[in-house]
Amino acid sequence: DQLSSSVSTQSEVSLKTLPSLQKTPVFGAGTSSSKAVNLANLNHHVNFLAIHSSLLYAAVGDEINVYDITDNSLADTFNDDNAKQSTGTVKSLVFAAGKIFSAHQDGKIKVWILTDQKKHKLAATLPTLEDRMRNFIFPKNYTQIRRHRKKLSIEHYDAVSSLASFPSHHSIIASVSWDRSIKIWRGEENRCLESINRAHDDAINAVAISREGLIYTGSADRRIKVWKKEAKNYALIATLEKHKSAVNALALNPNDTVLFSGSCDRSVLVWEREDNANHMAATGALRGHTKAILCLISFNDLLMSGSADRTIRIWRRGFDGRYCWLAVLDGHQSPVKTLAAIAADGSVKIFSGGFGGEIKVWQVEV
């Protein structure tokens with residue numbers, strides 16, 4: 001009876017109740033201002049891209065490819081060669097405590113270190129045996145997952161869909177899962193600090209964390225929830241309800257005052273912090289995609305969205321709170337599942353990955 005919900009490419013009618021925040025494009029559909037290079041054409045979905053130093057990490061099927069972005073060369077490919085069976089698709093990646101954490105379809109989180117030989121080595125699988133031994137004695141440390149089956153609360157029992165690190169505590173990460181739980185981990189010790197079970201009514205697809213430690217989670221139940229550390233544990237402080245279908249992606253702007261959420265309703269909703277409030281209120285929507293939003297990243301004053309319509313849209317916030325649509329990047333042959341970006345000589349270099357196995361590099365003048 002595992003939850004089968006996941007990030008959906010099914011598109012639903014756009015939300016009409018919120019005003020559109022975009023205004024006239026600065027320059028038209030931006031293929032004229034950008035150029036795409038094919039970095040790779042692979043045989044599996046590209047599920048996630050992340051940049052660390054001068055390396056691009058790509059979650060491709062059950063492997064992780066590492067590219068040197070200075071020359072687009074393949075620097076390493078790694079997975080758990082010693083696993084008796086595949087741990088399933090790699091869903092997400094995050095860097096914390098000097099390590100790389102990967103989230104997997106089978107509910108595991110793997111921890112990798114970069115060796116002096118520039119190769120990646122498996123250091124641990126979460127939860128660790130030590131963590132299990134610490135918890136297994138006490139009945140309160142178990143959660144009911146089926147009528148006659150229990151699991152340790154520190155274990156995910158369905159796909160780990162997303163990972164995020166705490167900007168103010170670089171050694172701590174959060175994981176969210178289709179099992180509807182949120183787990184907090186200390187990366188230095190590879191230890192689970194807290195588990196919030198049944199955090200949503202359906203699979204959790206996305207997580208974002210502010211510098212003050214607020215956790216935002218987006219779910220197939222159409223809700224975004226906001227969690228805050230109070231005394232010892234995290235507590236729910238707000239539920240944001242405007243989407244009419246599954247929430248697939250979340251991103252915070254650089255100063256954490258704006259939250260963006262992408263959904264199957266084809267819109268990116270913009271949430272802004274109300275005065276003297278901890279949570280956000282929806283102020284409008286960014287429209288233009290013709291199918292489900294699958295990924296979002298915020299980079300400086302830009303927002304980038306990838307969609308099942310095979311395009312990437314780039315938006316910029318103006319001083320008046322409205323958004324200029326800067327460009328549409330059109331070149332993928334499949335839904336755009338993941339995005340990453342870096343600054344490059346006065347322009348922005350965008351990396352995009354698709355369900356069809358392609359990784360593209362775009363140089364966009366902004």
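Each residue, glycine too, has its Cβ placed from N, Cα and C.
According to TrEMBL, the repeat 'WD' annotation covers 153-195 (among others). Taking H, G and I as helix, E and B as strand and the rest as coil, DSSP gives the repeat 'WD' (153-195) the counts 0 helix, 26 strand, 17 coil.
What TrEMBL records for 197-228 (among others) is repeat 'WD'. Over the repeat 'WD' (197-228) the predicted model carries a mean pLDDT of 97.
What TrEMBL lists as repeat 'WD' is 240-281 (among others). According to DSSP, the secondary structure content of the repeat 'WD' (240-281) in residues is 0 helix, 21 strand, 21 coil.
What TrEMBL lists as repeat 'WD' is 286-315 (among others). If you look at the repeat 'WD' (286-315), the same-chain residues 6 or more away from its ends with a CB under 8 A from one of its CBs are 7-12, 14, 20-22, 30, 248-254, 260-264, 266-270, 323-330, 332-341, 343, 348, 350, 352, 354, 362, 364, 366.
TrEMBL lists 329-366 (among others) with the feature repeat 'WD'.
A Cβ distance under 8 Å defines the sequence-distant neighbours of the repeat 'WD' (197-228), meaning residues of its chain 6+ beyond its ends; these are 3, 5-8, 143, 153, 158, 161-169, 174-182, 234-241, 243-252, 256, 259, 261, 263, 271, 278-280. Remote same-chain partners of the repeat 'WD' (153-195), defined as residues 6 or more beyond its termini with a Cβ less than 8 Å from a stretch Cβ, comprise 2-7, 88-89, 91-97, 99, 101, 103-109, 111, 123-124, 126-128, 130-132, 135, 141-143, 145, 201-213, 215, 217, 219, 227, 233-234.
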